């Protein structure tokens with residue numbers, strides 16, 4: 001049970017997390033090389049595909065001589081967006097595919113997604129329980145009943161949820177601590193589960209200049225990839241059920 005003093009400290013902890021991100025973003029911005037006034041207006045997190053294109057052009061111009069600054073900037077902003085459930089990470093995923101080699105981009109996106117989700121999880125665990133229970137009472141009750149039967153399969157369920165678009169990622173992040181999902185399977189399930197959809201957007205990002213909308217990342221082959229990944233994530237659970245029934 002939480003004490004009154006620990007409950008009081010929670011808002012300060014969130015402010016500390018927010019301040020840490022603010023300082024980190026400022027540090028990256030301060031270490032970025034001098035840019036023209038026209039370029040400076042595009043140094044912001046992308047809200048749409050056109051923003052991503054403009055930002056990509058600026059970052060790619062300075063990336064060769066300032067690789068670590070560009071990389072750190074993408075990481076800090078990506079984790080920040082994930083931590084506070086701010087829309088825009090999909091465009092950073094596409095941008096990562098444009099700026100970095102595939103293997104760097106996929107590790108970056110999976111790591112940032114898992115880290116940001118874990119921070120969001122922690123914030124929700126500290127003081128978001130009443131909000132989640134009040135806003136989503138029926139869903140939480142149903143999920144609690146379902147998960148109570150599969151306490152040993154949290155990792156597989158988390159991978160499945162991240163691969164499929166059944167539940168919004170932000171809702172998974174804030175509901176998981178309320179459902180007593182341990183942080184370890186939550187983190188690694190997120191890391192592994194976001195890989196298949198991120199693969200598609202990173203590939204699309206390699207042709208960012210030609211993209212007209214984000215839906216071009218989707219095709220029958222991409223649907224097959226995600227469906228196959230979802231089935232594989234549930235395969236151990238289904239196999240375990242079959243062995244028990246036999």
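Any Cβ shown, glycine's included, is placed from N, Cα and C.
Positions annotated as transmembrane segment by Swiss-Prot, on the basis of sequence analysis: 12-32 (among others). Within its own chain, the transmembrane segment (12-32) is flanked in space by residues 43, 62, 66, 69, 72-73, 76-77, 79-80, 83-84, 119, 123, 126-127, which lie at least six positions past its ends and keep a Cβ under 8 Å from the stretch.
Annotation comment: Swiss-Prot describes 68-88 (among others) as transmembrane segment, evidence class sequence analysis.
Residues or ranges marked as transmembrane segment by Swiss-Prot on the basis of sequence analysis: 101-123 (among others). Residues 14, 17, 71, 74-75, 78-85, 89, 92-93, 169-170, 172-174, 176-177, 183, 186-188, 190-192, 194-195, 198-199, 202-203, 205-206 of the same chain lie 6 or more positions beyond the ends of the transmembrane segment (101-123) yet place their CB under 8 Å from a CB of it.
Long-range Cβ contacts of the transmembrane segment (159-179) within its own chain (Cβ-Cβ under 8 Å, at least 6 residues beyond either end) map to 82, 85, 117, 120-122, 124-125, 128-129, 131-133, 136, 139-140, 143-144, 147, 186, 189-190, 192-194, 196-197, 226, 229-230, 233-234. According to Swiss-Prot, the feature transmembrane segment maps to 159-179 (among others), an assignment based on sequence analysis.
Per Swiss-Prot, transmembrane segment is recorded for 182-202 (among others). Tertiary proximity for the transmembrane segment (182-202) is limited to same-chain residues at least six positions away from its ends with a CB under 8 Å from its CB atoms, namely 90, 93-94, 96-97, 102, 105-106, 109-111, 113-114, 117-118, 121-122, 154-163, 176, 214, 217-218, 222, 225-226, 229, 233.
Swiss-Prot lists 219-239 (among others) with the feature transmembrane segment. Listed by sequence, the residues of this chain that lie at least six past the ends of the transmembrane segment (219-239) yet keep a Cβ under 8 A from its Cβ atoms are 150, 153, 156-157, 159-160, 163-164, 193, 196-197, 199-200.
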